[in-house]
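Asker: The domain 'Autophagy protein ATG5 UblA' annotation in TrEMBL covers 11-104. Summarising the annotation, TrEMBL assigns domain 'Autophagy protein ATG5 alpha-helical bundle region' to 119-174. Residues or ranges marked as domain 'Autophagy protein ATG5 UblB' by TrEMBL: 184-244.
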Amino acid sequence: MTDDKDVLRDVWFGRIPTCFTLYQDEITEREAEPYYLLLPRISYLTLVTDKVKKHFQKVMRQEEVNEIWFEYEGTPLKWHYPIGLLFDLHASNTALPWSITVHFKNFPEKDLLHCHSKDVIEAHFMASIKEADALKHKSQVINEMQKKDHKQLWMGLQNDKFEQFWAINRKLMEYPTEDSGFRYIPFRIYQATTERPFIQKLFRPIASGGQMHTLGDLLKDVCPSAVDHEGGDLRFFTHCMDIAMCSHRIYHLDKR
């Protein structure tokens, strides 16, 4: 983990310059100025946009303010997807700042989950952590942690505290040397243009012959047509980087 710390830090502090504008049909008492914010890629929209909400509520009639939601070029943005994932899915080819439209009415029930408090975000985040540890360690690490460790993990993310977060998260990224890696690699390949939101399956970091799998091996197993160049202009991104057929060991990439 120490060898990876600079990379982990760079990923953690990745930011997306963003311009929030109020939807034109929202009723306001005066003109709503845009609001600019550097969004952390690893966080969630509803976790880091309190200032955005307060900014636009100042110019609106209180009776017109309902649950806030966001959209980009007509696509509602799912709050339970990390911000960086949303950008890579929908706006990776756009000029910065990223232009997001803010709504307070007509919540798209069919497209978005409700998020009435940060407790909902925390529950979703911890469920993802527990799912990943079930694949990596049979849930042994997360179950051995105390409640205060879970809370520190969450507060580190919520308050954008790298050291606070990784003091706990490093335990979830470790494995016995004799095991040569995790049981399975927890991953999801999200898709922007299909009805199936993401692909997820069991995949071991070590092949049956003992050699270490690469990212290319994973993509070939999960998306063979794309890897065999039958997928047209299909591309893969992670943390805003367009991935080629990498030879890096998968469980090293997973540590990000």
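All positions are counted from 1 along the displayed chain.
Glycine is treated like the rest: Cβ placed from N, Cα and C.
Can you tell me where each of these features sits in the structure?
Answerer: Each residue of the domain 'Autophagy protein ATG5 UblA' (11-104) gets a DSSP state, and the totals for helix, strand and coil are 25 helix, 28 strand, 41 coil.
The predicted model assigns the domain 'Autophagy protein ATG5 alpha-helical bundle region' (119-174) a mean pLDDT of 95.
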Asker: For the domain 'Autophagy protein ATG5 alpha-helical bundle region' (119-174), what does DSSP give as the number of helix, strand and coil residues?
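Answerer: Output for the domain 'Autophagy protein ATG5 alpha-helical bundle region' (119-174) reads 47 helix, 0 strand, 9 coil.
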